[in-house]
Structure formats: structure tokens, C-alpha cells
Amino acid sequence: MSNPVLNFCIRLMKWLPVVFITLIVLWSYYAYVVEMCVFAITSLPQKVVYLVLYHVFFLIFVWSYYQTIFAPVGKPAQEFYLSKADVDRLEHEDREDRQQQYLAQMAKDLPLVTRTIGGSIRYCEPCQLIKPDRCHHCSMCGTCVLKMDHHCPWVNNCVGYSNYKFFVLFLGYGLLYCIYVAGTSVEYFVKFWNKELDDTIGNGRFHILFLFFAAAMFSISLVSLFGYHLYLVFSNRTTLESFRTPMFRHGPDKDGFNLGSSNNLKEVFGEDRRLWFLPVFTSFGDGMSFPTRRTSEDSHQLLNDRQRWAEEGEGDISDRETALTTVQPPGRSRVHVEAET
């Protein structure tokens, strides 16, 4: 039996990184607005310009962070879940090849193109569902997550289909926020070392000193992380897929979901460019049906209709691959939870 007190403590501990980041952001707001702009800067026009620009960066950054944290985890549709009767039949099946055949039969009408390393249908025992493409089980969230990228402790949430756009914007606006703070406070950082700051601001000098250091250090960290996720966006990969190549019916293919930079960008940010830079949900599709590039093996006929979307901009990908009627996996394959990294 689970201990409710222990579970509450665990949930509370998961929020500590978010609380830490929130406290740093709130302190930076006080240090910049009060100690630097109000007390350290003497020019009124400079105060106004700095404060207006600062609040623009601050608000869009906080908005993106909020959306990343509180966006619901994207879960598979009900059609991917097995009924209780199907689960019982699967669990009581002794032969592994029969288990795989049974899963293949149940998945024949589902939009699936990826497989396990052994070539079998991807099945999640804890959730009792057939995994959609790019879906993985998160042990921290206790559920399968659509297009899972990774579980981020700094937002206490899984980064996936439902909030990946928010996460990328959070990194980008966080970087801009830090660069702006560091760039506008460096003048007063230099004055601090040259002992040119007015003594009337007292301990505010140390706030400005640490404000510059914190902004500069976070800028260095965010520039590499933001650049890496931009690379993933333009190549249409997730963090998990960059470490473990997706397995298709025709074999492993690290660029299997790559539709070209333009279409890859639209898959995450949507087709309306006016909304690309706002933390509102505009990602393409339903998180369970993903267009793929055409394979060299025409006999498989993988997603010709979905490829047409990439070439002609069609949004209707409701046609399922009728070729997925039967999958004969190797006899050594097992129906167990796929190892998640």
C-alpha cells in the first residue's frame, strides 16, 4: 500500500527546482528594477527605456515558463488503449510469437510506423496501451507521453508534444532576458569595481554585482541548450531520438521523421507565422500521426499520403496504413515495457 505522506513529500520535492528558478527570477526582478533602475541610474529617460524593455522580456519569458510547467501532459488517444479483455488475453498467452501476432492484429488500424529493436509492436505494460509513434513512458509522470523529448525537473513536467513549443520559447526568451540584463548592467558592474557607484545605494551595489554574474552565467548555459534544441527542431528529432535511433519497419533511420527544415519548423510552431513567437499552442497534428520522409524501399509504401502532406501542404492525414495488417516479429521478441532512457 502506498504511503500518502511519503507520496506528498515526493511531490513536494519535485517542485523544489521550480521554486528555485522562481526565486532567482523574482530576485533578479528586484535587483534590476529597484536597485539598478530606481536607485543606481540617475538619468530619467534611461530609467524609462530600460524599464520598458525589461518588462517586455520579463513578461514573455515568465509566460513561456508558466506554459511549459502547467501544460497538460499529452497522452495517447483512447483507441491506443487495450480493453481489459485484451489485456487479460495478452497476459495469459504463453507463446511470445502469439503475443506479438495478437498485438499486430489489434494495431492493424492504428497509424504506426515505428517498432521496437526486435521489430515488434511497441507496447507499454504499465499503461496497457499500444504506443503511438514517438511516444514513450515516463516513470516520473507515470504515464505515456506523446512525442516525448525528456522529463525536465526544472519545469516539473515532461517536455513533449503538448508543450515542446513552449519549452523552446522558454529557452529562447530566457536567453534574451539574461543577455539584456547582463548587457544593461555591465556598465554598473564596471563602476562597482572602479568604486564609482554612489555610496547612497548601499548594499544595492552587491545586488547589481551578483545580477550581472548570474545573468552572464545563465546566458552561457542557455545558449548551448537553446542551440541544441533548435538543431532538434530543424532536424525533427527529440532528445530521446538523438540518443536512440528510431526503428522503422525497414530498419533504423535517424532521419525518418525529417521532412525538411521548413516543414519540421511548422510541425512544432504551426503554419501561422504570426503565432510562432507567442507561447500559445499551435503545433501541427494530434501528436500521434507523424508524416515521414519517403523510404528507399517502395515495397513498404510507408506513409505515401503523409509524405504528400510534406510536399503539398495537405493537412488531412486521416488515411491509415492498411499495409500494417500483420507483423511477423522474430521469435525471440518479448512483450515487455520498452526501456526508456
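Placement of Cβ uses the backbone N, Cα and C atoms for every residue, glycine included.
The compositional bias 'Basic and acidic residues' feature in TrEMBL is assigned to 294-322.
Summarising the annotation, TrEMBL assigns domain 'Palmitoyltransferase DHHC' to 121-243. Mean pLDDT of the predicted structure over the domain 'Palmitoyltransferase DHHC' (121-243): 91.
Annotation comment: TrEMBL describes 292-341 as region 'Disordered'.
Counting only same-chain residues 6+ beyond the ends of the transmembrane segment (12-32), those with a CB under 8 A from a CB of the stretch are 54, 58, 61-62, 65, 69, 140, 153-156, 181, 185, 207-208, 210-211, 214-215. Annotation comment: TrEMBL describes 12-32 (among others) as transmembrane segment.
Per TrEMBL, transmembrane segment is recorded for 48-66 (among others).
Annotation comment: TrEMBL describes 166-186 (among others) as transmembrane segment.
Per TrEMBL, the feature transmembrane segment maps to 206-234 (among others). Residues 24, 28, 30-32, 35-36, 40, 149, 167-168, 171-172, 174-175, 178-179, 181-182, 185-186, 188-189, 192, 197, 242, 261, 264-265, 268 of the same chain, all 6+ positions outside the transmembrane segment (206-234), place their C-beta atoms under 8 angstroms from a C-beta of that stretch.
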Secondary structure composition of the domain 'Palmitoyltransferase DHHC' (121-243) [DSSP: H/G/I, E/B, coil]: 70 helix, 16 strand, 37 coil
